[in-house]
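Undergrad: So TrEMBL lists the following for this protein:
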- B:21-37: transmembrane segment (TRANSMEM)
- B:43-63: transmembrane segment (TRANSMEM)
- B:75-91: transmembrane segment (TRANSMEM)
- B:97-119: transmembrane segment (TRANSMEM)
- B:126-144: transmembrane segment (TRANSMEM)
- B:173-191: transmembrane segment (TRANSMEM)
- B:218-242: transmembrane segment (TRANSMEM)
- B:248-265: transmembrane segment (TRANSMEM)
- B:272-289: transmembrane segment (TRANSMEM)
- B:301-326: transmembrane segment (TRANSMEM)
Amino acid sequence: MTGTTGSPTGSVTTRDLTKSFGGVRAIDGASVAFHEGEINALIGPNGSGKTTFFNCVTGMIRPDSGTVTYQGRDVTGLPPHRIARSGIGRSFQLCRIFPRLTVLENMLVAVQPHGLLQRLRGSRNPADVGRARELLARVGIDHLEHAEARDISYGQQKLLELAGVLMGDPRTIMLDEPAGGVNPALVDRIADLVRELNAEGRTFIIVEHNMELVMGLSDHVVVFDRGRPIAQGAPAVVQDDPLVLEAYLGV
Amino acid sequence: MPNGSSNVRTSRPTAVRAARTVALLALVALIVLFPSLAPDPFILSVGVVILSYAVLATSWNLVGGFTGYISLGHAAYSGLGGYATALLILRTGMDPWLALIAGGLIVAVIAVPVGIASLRVRGASFVIASIALVLIVQLVFQSWHTFTGGSNGLRVPRPFGTEVLRPEQHERFFYLHAVLLALALLTWWLIERSRLGAGLKAIREDEDKAQALGVPTFAYKLTALVVSAFFTALGGGLYALWFGYLDPIFQFSILIGSYMVLMSLLGGVRSLFGPLLGAVVVGYAVEVFKSQYGDTQLHLVATGVLLGLVVLFMPDGVIPALTSALNRRRGAASIREVSAEELANQREETAR
């Protein structure tokens, strides 16, 4: 399913986004448009600003200048929870879960509706728990719901993080190296999940170093180098771009 | 096979729940019977002190246990609660019980700007900010003679008439503290089960991750702090009504705040009754040391040793350590017991 291909106002769009750390311009006037309804990939050499870009889009870092819009709405500089509420879920590069909460409790954190009374409601109500179990079953770790998250394996933690993000029901999901540090079988499983979820209408923006995965999975690829996009397009096109080869090989 | 494991899962909580109910009833019975069991008024007054510690530690745990923000300056809220209660009675002639509640509300309001300022920083910086708060308040209450009585202290009018003798006073205040403790515990329990509680615990574990999942972390932390300050102030106010005298040096001491932290850590900050257990152990130990060795600083040394032992051997506190030991002996279903085969079967089932 391709969805609304090529509508640049649809998903995450940035204009002249800039962020410096001291003298280093981590993001240097990046203008990028991700495609709604597609699996977008963000690739580039180490230190090209991919994670900083992620953090600026999701509000973890405030950009120095430039704008971030999501579905036509300006979300620049909003706090992370507001951005999450607007429909962007994210995972972290080094998988982050709540170590001393159980797997099920980890899932229930993402249920934070509006209104004081709703927030004071029991978190273990049947509706929320049911949905959490469904998602845990979907990623394949429902049998671990009573285990503390710190006790499960790294691969299982990655799946838990993904399931937790899904619990918030985001329309757009940003994954920072979903295949980093997991075994090949699990990489396939995660790729299948991404495809299924995309087919259900969710947009993905994925930072990934595993080129085989990126080329096989994505519809649209953005290549970053030194804090700005140097190429965008279908995987096959980007792969042969001389600028991309130069950035990666350092010619 | 999956059926078998799910049976284990459902039967375990019922046994645990039954054990919990029995323990809770025993606790309530012990508290109700304590005044009649106490051999003399002194022991009863020790009981009041321990319950007061329990109220303060449980109130502290509303912010410390949920959010992981360790405040060493919570004595600011208990002391302000005491002074607010006393000053309202003295200056406005308000009914003492009404003054107690009004004092709690005033301190809750004060906690809002304090929280907005201090909850911006994490870890050690927050600890230092909390210490700064209690020192500032101490200085103000020591210097402002005309309003607070300054370092001469402040006599708090007794809420019960002179016809109520000392032992009777102790008994009444023992039950009043017990009721306040019950309210604080109930509040902790209700928050623990709520979505708010889920968000707060997530903040404790990983604040940025919690916010990325949509938890309004700042508002949640502030809520926890204000509720905690309210109960801490009620605890301080009730103690002031019982003790009848306030001295800024003792009311706003870092030591009192440290006791709240130590008690909570000892019992376990992630469990409902952890701070209560810690208050009983530490409170009793402090009183014993004081009565045996007088006004020496020996009880501080003992408290320090105790804190060291807890951090070394039971970093999660006594209650979590015991529960997990018990679970291990019972052989609760661990991850390793689910074989790869079972996993594959389950997956096939869900796929079908």
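Backbone N, Cα and C define each Cβ position, glycine as well.
I would like each feature placed in context: is it buried or exposed, what are its neighbours, and how far apart are things?
TA: Through the fold, the transmembrane segment (B:75-91) approaches residues 56, 99-100, 102-104, 106-107, 110-111, 130, 133-134, 137-138, 141, 147-148, 154, 156-157, 228-229, 232-237, 239-241, 246, 248, 251-257, 260 of its own chain, all at least 6 residues removed from its boundaries and within a Cβ separation under 8 Å.
Using a Cβ-Cβ cut-off under 8 Å and counting only residues 6 or more beyond its ends in the same chain, the transmembrane segment (B:126-144) has close neighbours at 69-76, 79-80, 83, 114, 117-119, 150-151, 248-249, 251-254, 257.
Counting residues 6+ beyond its ends, the transmembrane segment (B:301-326) has Cβ neighbours under 8 Å at 259, 262, 264-271, 273-274, 277-278, 281-282, 285-286, 289 in the same chain.
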Undergrad: Spell out yes or no: are there three or more C-beta pairs under 8 angstroms between the transmembrane segment (B:248-265) and the transmembrane segment (B:173-191), with each pair 6 or more apart in sequence?
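TA: Counting Cβ pairs under 8 Å, fewer than 3, so no.
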Undergrad: Count the CB pairs under 8 A between the transmembrane segment (B:43-63) and each of B:21-37, B:173-191, B:272-289, then give me the winner.
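TA: Stretch with maximum Cβ contacts: B:272-289.
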Undergrad: Please tell me whether the transmembrane segment (B:97-119) and the transmembrane segment (B:272-289) touch - that is, whether there are at least 3 C-beta pairs under 8 Å between them, with each pair 6 or more apart in sequence.
TA: no
Undergrad: What residues in the same chain, six or more past the boundaries of the transmembrane segment (B:218-242), come closer than 8 Å to it by Cβ-Cβ distance?
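TA: Result: 48, 52, 55-56, 58-64, 66-67, 69, 74, 77-86, 96, 99-101, 103-108, 110-112, 114-116, 119, 156, 158-159, 169, 173, 176-177, 180, 183-184, 187, 191, 196, 199-200, 203, 251.
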